[in-house]
Amino acid sequence: MHIDIITVVPELLQSPLSHSILQRAQDKGLLSVQVHDLRPYGIGKHHSTDDYQFGGGAGMVMRCEPLATLIDELREKRNYDEVIYVTPDGERYTQRRANRLSLCNDLLVICGHYKGIDERIREEYVTLEISIGDYVLSGGELAAAVLVDSIGRLLPGVIGDETSALTDTFQDDLLAPPVYTRPAEWRGREVPAILRSGNTPAIEDWRQEAAEKRTRERRPDLLGD
Ligand code: 6GU
């Protein structure tokens, strides 16, 4: 999979993409991520990428022309499955959406800053608008990093059995059950005996029940009943 990201703050995206699982995915050639600085496409001698909004009001809006020039340039090289704009007024991001996006070959992610991007860019190019939650970030970059991480780790071959994505919280609309490692007793707290029994079917039953209990207590909305 290849992911292009457009941003006016490329520095914000360097570090989160160069560690652990995501770095391994890129080293193995399963994922490539290219961050594109919008600034050189800005207008005038100051390479302006934003301007005051029509109608007045606080906050700048990202201009059409720099974005359009860069997007057109990128679209000559790639046939994007989705052109994603990360924005707090987008559709709420879920594991289901991550699963679907992990099946794509080429994605373009546009990060907004200030008050966002001119509405006409959304109309002209954007095929999917995503919000990562009901709170406001100062720019789309951290949301874009969330997308790349959550999608990248789902690509076949990226993570091994030790961290299987199939048993993740949310993968079956259930939270994950509690987990334990050595020592078997710590500060008087014992690991549930069943997990040390070697009885695999019984362990599976325990985990399923613990996951359902945890979901009922913490996220009854996921159960849909
Ligand atoms: Cl995708 N962008 C911004 N700026 N804020 C957000 C968001 C995205 N998702 C939640 N808050």
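Note: Cβ is positioned from N, Cα and C throughout, glycine not excepted.
Lifted from TrEMBL, the feature list:
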BINDING   Gly112, Ile132, Gly133, Asp134, Tyr135, Val136, Leu137  S-adenosyl-L-methionine binding site
DOMAIN    1-223  domain 'tRNA methyltransferase TRMD/TRM10-type'
REGION    205-225  region 'Disordered'
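Mapped onto this structure are the features recorded in TrEMBL.
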residue : record                               : DSSP class
Gly112  : S-adenosyl-L-methionine binding site : coil
Ile132  : S-adenosyl-L-methionine binding site : coil
Leu137  : S-adenosyl-L-methionine binding site : coil
Contacting positions for the region 'Disordered' (205-225) when only residues 6+ beyond its ends and CB under 8 Å are counted: 170, 173-178, 192, 194-195
Counts of helix, strand and coil residues, the region 'Disordered' (205-225), according to DSSP: 18 helix, 0 strand, 3 coil
Candidate with the highest Cβ count within 10 Å, taken from the binding-site residues Ile132, Val136, Leu137: Ile132
Gly112, Gly133 as binding-site residues, winner by CB count within 10 A: Gly112
Residues that sit under 8 angstroms from Tyr135 (S-adenosyl-L-methionine binding site) by C-beta distance, when 6+ apart in the chain: Pro88
Greatest inter-residue Cα distance in Å for the S-adenosyl-L-methionine-binding set Gly112, Ile132, Gly133, Asp134, Tyr135, Val136, Leu137: 16
Other CB atoms, at most 10 A from the CB of Asp134 (S-adenosyl-L-methionine binding site): 7
